[in-house]
Amino acid sequence: MTIAVGRAPAGRGWFDVLDDWLKRDRFVFVGWSGLLLFPCAYMALGGWLTGTTFVTSWYTHGIASSYLEGCNFLTAAVSTPADSMGHSLLLLWGPEAQGDFVRWCQLGGLWAFVALHGAFGLIGFMLRQFEIARLVGIRPYNAIAFSGPIAVFVSVFLMYPLGQSSWFFAPSFGVAAIFRFLLFLQGFHNWTLNPFHMMGVAGILGGALLCAIHGATVENTLFEDGDGANTFKAFEPTQEEETYSMVTANRFWSQIFGIAFSNKRWLHFFMLFVPVMGLWTSSIGIIGLALNLRAYDFVSQELRAAEDPEFETFYTKNILLNEGLRAWMAPADQPHENFIFPEEVLPRGNAL
């Protein structure tokens, strides 16, 4: 009698087949994250290119915003929906457009389309970094760092208008449109005096400074291990030895500042921490603006400036500038409100 000892082959279902195909080694890795990333990124970019090329903002903002109307790259934009649309998702088949594509574009449906697909596309890109890090066998700090840009995008384009009356008050997708939004935040929220904005500026500019210092220090302390005109060709990705002298760099900065990094791991974590923390804190600040929270109001200075014409500080000057931004900007920015301000209430500088 013959006895066969072995393990029955496990049945492979459709999930295993799909998992193998998604994770196959190819020029552009797909992965499970790609099922979210690639369609959403394609839709967001395609919607933005379509909107900036063909779609007007006449019905939502009373302005031209496309190449077809004469705008250029800096002035074209996919504009936010009309204020009357509230926080509707503006689905093409929804009650606002009722399947009419042209009407959907006129109402600002492309903005909601680009914003939502863009947000999920960014999340898909972060998941892509998680997925590849796990497959390669490294830690997922790239994905954690990318949470900073995601937090900024979601807070600025989604959370802020959700706290306001409608999507209308979100930034439109365009260069000059973003500049308009920055002026709006300053005029209506005094954003530059917000401590979360200050932390964001410190993080981003501090990160740029750290990047420049680190790159320059490494270039300064490269080992002279090549005969070429430059040292770039002397480096091999698989070499075991160091390519620059950490000891020399530490000695240099110890002489400059009296203190210096002596641990490469702590140094690079600090370079990760500073800009990402700046992005996170600025995102928290934007959510505060969505709720119309005030930051620093130095009322005592405002009261004294109102009583004493000779008393003025940079704070009181900025408050007057903000009033000017609101008074001059609102009629042009919100034409549907039909704001009409009498000449005597419009703030003017001393020179006028």
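Backbone N, Cα and C define each Cβ position, glycine as well.
Of the given residue ranges 26-39, 152-165, 320-333, Swiss-Prot assigns the label transmembrane segment to 152-165.
Listed ranges 81-101, 186-206, 207-227; the one Swiss-Prot annotates as transmembrane segment is 207-227. Feature transmembrane segment, per Swiss-Prot, maps to range 124-140 of the set 124-140, 243-259. Classification of F261 (plastoquinone binding site) by DSSP places it in coil, neither helical nor stranded.
Around the Cβ of F261 (plastoquinone binding site), the number of neighbouring Cβ atoms within 10 Å comes to 18. A straight line from the CA of N142 (pheophytin a binding site) to the CA of H268 (Fe cation binding site) spans 12 Å. Taking Cα separation as the measure, H214 (Fe cation binding site) is nearest to F261 of the binding-site residues Q129, H197, F261.
Counting Cβ atoms from all protein chains shown, Q129 (pheophytin a binding site) has 17 others lying within 10 Å of its own Cβ.
When each of the listed stretches 40-60, 124-140, 207-227, 278-294 is scored by C-beta pairs under 8 angstroms to the transmembrane segment (152-165), 278-294 comes out highest. Sequence-remote contacts of a segment are chain residues at least 6 beyond its ends whose Cβ falls under 8 Å from one of its Cβ atoms, and for the transmembrane segment (278-294) they are 147-149, 151-152, 154-156, 159-164, 185, 189-191, 194-197, 199-204, 206-207.
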